[in-house]
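Here the structure comes first, spelled out in structure tokens, and everything after it is commentary.
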Amino acid sequence: MPPNAHDAHGSAGGLPVTAAAANKMDCFLTTACTPLHLQFIDVSYRVKQTERSAPPGRISSHSGGACSGAAAAPEERTILRGVTGEARPGEVLAVLGPSGSGKSTLLSILGGRLAGRHGGTVLAGGRPPSCRGAARRRTGFVAQDDVLHPHLTVRETLVFCAMLRLPRAAPAAAKAAAAEAVIAELGLAACADTAVGNAFVRGVSGGERKRVSIGHEMLVNPSLLILDEPTSGLDSTAAARLLATLSALARKGRTVVMSVHQPSSRVYRMFDSVLLLAEGSCLYFGAGRDAMDYFASVGFAPGFHVNPADFMLDLANGFAQADYNFTAEGGNVKQSLISSYNKVLAPRVKASINAAAAEHALEPQPQPQPPLAESCSGCTSWANQFMILLRRSLKERRHEAFTSLRVFQILAPALVAGAMWWRSSPAAVQDRLGLLFFVSIFWGVFASFNAVFAIPQERPVLARERASGMYALSSYFMARMAGDLPMELALPAAFTVVVYLMAGLNPAPAAFALTLAVILSYVLVAGGLGLAVGAAMMDAKRASTLVTVVMLAFLLTGGFYVHNVPGFMAWAKYTSFTYYCYRLLIAVQYGGHLRRLLPPEAVDGEAGPGACVAALAAMLFGYRLLAYLALRRVRK
């Protein structure tokens, strides 16, 4: 059974949480995790101005200053300029700065999720970049946007995540118990059976949704937790509660690194260390409580009580209010602060980090916790991934299964078509050909347009979960295909029954069965085209436009409107699955009477039933193979 609400016996997600399972996985968050000391020295990053920012992907940090100190080419933009700092176990490091200062870029580099050229050194646990593989598996990364399935409940979301991310050696009940432990630890028990929701679906609050995103990463008990603007969109109270939760997680031995755009004074007091960025350069790194004293020592002090974060962001924007005590030389606030940092703080920070790195190099490598820090190779098998993803897909799409509007959308055209062709005579060949072609066009357009939106809508979730190593792409794709079958086939079957009986088509049971088989196969082919176009373009609007053009071409070349096609266009019909469906429907209805009932131009030179079946089968698998290959381009 897929995850569901607790029953009277205390099951989580339909799985009984036994005492043994609870003892094995319960309270794993309360036990000290493997400490991970994160250090970064002279990190720099450049992008070409002519290119779009690359989507998050995997890279290996590399040492050396290839980018540091080198003059940037005219076509390149420098995002980070030699940023240095560290985050210690048990502490919260906050990265502050205005929009565009490089906060998210720095976090992506620290989390190993940014594709591109960067310089500097990133050390995890004192180990060089070549040894960061195990450390990366102990890193949780929470993006700024809460990319979750909106129609799943909080409990379902976390239980499905636990089933996919925790090691295959752990029993299902133990994984469910781990999800319950995360729910309790993050204070989500009260909303555990509420839909996650999003901007368009009513669900939990923004703060609770952010905690669900954090719970996704907490399931693997990470030693390092990186969060990109977790308080974005939250009110001050919700932000303070979230920071209190993160501080509590840090106190249990985790290293927490987060970017914050505009923290309140209450939130600021929870920061152990602060890194202030301005246009990619560091203005301050050190204890949060010492920041105001430092700025006063270099000639910047407020003349009144002010939120330290507001004051620091003013300085990072190059703005010194008239009532600030501004005694530094020169009028450029940011350049003055950068110069002061390089002279006063940077040498001390680098010396401290280098000394700590030298100590780490002499220490034996700590063994990571084996149950929760394994690589994807230790996660659940492909078959289990498929079954879990299939159950999740069916759960997520239950809201759109057979709604009254969706049923009306199918039955209304069926009833109208049945009334228009009511008890049509077999001798009225042209009328029946019109009905068969209408059925072909209707389901070609309907199925392809429904499918074209499927993958673009799920791309954010797919990219995030693939980046976390939750499952293989093939298991996701096959589960998605299987999960779509009930809705893809049930409504066309109902449509066919209604139209077939009302129109009085061939009453032979074999003819009806073959007609139904042809239409259902045709629906799968058309859906495959929509999936392939959607996966290739990853833009629903552009993909739907292309599908419109393709289906219009298939309509014109389907064999109903024009029989005497010019020779230079004769090949076009063989690319149209509408043509093959139409020819098969004619063959089923009229069998060996085609030449007697139809004009010669409608029979001669047309593809036979065997060729039509082979063509549809090739398209059925070919389109879906193209969709899978296009999906492989989605970066992890």
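The backbone N, Cα and C atoms fix where each Cβ goes, and this holds for glycine too.
Annotation source TrEMBL lists domain 'ABC transporter' at 38-304.
Sequence annotations record features per position, and here TrEMBL assigns region 'Disordered' to 52-71.
Positions annotated as compositional bias 'Low complexity' by TrEMBL: 60-71.
Among the features that TrEMBL reports, transmembrane segment is placed at 401-422 (among others).
Long-range contacts of the transmembrane segment (434-456) within the same chain, counting only residues at least 6 positions beyond its ends with a Cβ under 8 Å from a Cβ of the stretch, are 413, 417, 421, 424, 462, 480, 484, 488, 492, 495-496, 499, 503, 505, 519, 522-524, 526-531, 533-535, 537-540, 543-544, 547, 550-551, 554-555, 558, 560, 577-578, 581-582, 585-586, 589, 627, 631. Look at TrEMBL and you will find 434-456 (among others) tagged as transmembrane segment.
Per TrEMBL, the feature transmembrane segment maps to 485-505 (among others).
Per TrEMBL, the feature transmembrane segment maps to 511-536 (among others). Listed as Cβ neighbours of the transmembrane segment (511-536) (distance under 8 Å, sequence separation of 6 or more from its ends, same chain) are residues 439-440, 443-456, 484, 488-489, 492-493, 496-497, 500, 505, 543, 546-547, 550, 577, 581, 584-585, 588-589, 616-617, 619-620, 622-624, 626-628, 630-631.
Residues or ranges marked as transmembrane segment in TrEMBL: 543-562 (among others).
The feature transmembrane segment is assigned by TrEMBL to 607-631 (among others). Sequence-distant contacts of the transmembrane segment (607-631) (same chain, six or more residues past either end, CB-CB distance under 8 Å): 455, 462, 473-474, 477, 481, 521-522, 524-525, 528-529, 531-532, 534-536, 574, 577, 579-581, 583-584, 587.
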Study note, to complete from the structure: Per the Cβ filter (under 8 Å) with a sequence gap of at least 6 from its ends, the transmembrane segment (485-505) is approached by 394, 397, 400-402, 406-407, 410-411, 413-415, 417-419, 421-424, 432, 435, 439, 443, 447, 511-512, 515-516, 519-520, 523-524, 527, 589
